[in-house]
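Some features that TrEMBL has for this protein:
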| type | residues | note |
| --- | --- | --- |
| ACT_SITE | Asp161 | active site |
| ACT_SITE | Asp180 | active site |
| COMPBIAS | 1-18 | compositional bias 'Basic and acidic residues' |
| REGION | 1-33 | region 'Disordered' |
| TRANSMEM | 41-62 | transmembrane segment |
| TRANSMEM | 94-119 | transmembrane segment |
| TRANSMEM | 126-145 | transmembrane segment |
| TRANSMEM | 175-196 | transmembrane segment |
Amino acid sequence: MSTERSAEHDAEQADHPDPPAGATVESASTPGSRPLPPRRVWLLALAALLVLALDVITKVLVAATLEVDQQAGAAPPKLLGGLVYLSVLRNPGAAWGLASGMTLVLAVVGLAVVGFIIWMAPRLRSVGWALGLGLILGGAMGNLSDRLFRAPAPLQGHVVDFISVFSPYGHTFPVFNVADSGLTVGCLLIVLMALLQRDYDGTSARDRRTGDASEGGATA
């Protein structure tokens with residue numbers, strides 16, 4: 001009897017060999033279940049939704065209140081002792097007056113950015129990259145929604161800008177919005193990750209050098 005049990009145990013071990021030393025054992029998913037997205041994807045989605053929500057809410061409020069008041073001749077509200085003015089402008093192009101009248105082209109570029117970031121999302125393993133791309137995604141979707149759905153016509157909508165620094169109506173610096181802020185901060189964060197040599201998959205230049213050295217030693 002003991003010989004039969006030993007033979008059965010050996011057969012089970014052959015069918016299910018032990019993992020190699022140092023390997024991470026992952027729990028088996030239940031039949032029919034789907035693996036949860038990586039936590040970095042949730043971080044990206046949260047950052048994007050936060051920027052998009054703030055952008056949409058502020059634009060709706062500004063268009064319904066401040067824009068009406070300023071069209072009636074009211075002066076732009078001044079905040080922080082004149083550091084910030086709430087000056088509402090409808091922008092048919094990009095910042096600095098660039099690409100004016102090229103709303104459709106800018107909308108296509110925005111769609112491409114959104115598609116690329118969504119494609120990249122499952123591959124992210126870096127917190128910095130996930131946060132940066134999330135901010136960029138939210139900003140791109142915020143301005144894209146204006147270009148697609150706002151007046152004067154679908155696919156020709158003008159972006160609502162309302163934050164002017166140092167002077168009203170962009171005399172010192174172009175008027176911008178929450179979406180633009182998300183885009184700027186996100187791009188700066190991605191540049192910082194590049195300067196720190198942190199890749200989107202969570203590896204660094206040191207990790208890559210260590211891996212190359214290990215492979216070289218193994219083949220020597």
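Cβ from N, Cα, C; glycine included.
For the transmembrane segment (175-196), the partner stretch with the most Cβ pairs below 8 Å, chosen from 41-62, 94-119, 126-145, is 126-145. If you look at the transmembrane segment (126-145), the same-chain residues 6 or more away from its ends with a CB under 8 A from one of its CBs are 40-41, 43-52, 55-56, 59, 106-107, 110-111, 113-114, 117-118, 120, 159, 177-190, 192-193, 196, 198-202. Taking Cβ-Cβ distances under 8 Å and a sequence separation of 6 or more, the neighbours of Asp180 (active site) in its chain are Ala95, Gly139, Asn143, Asp161.
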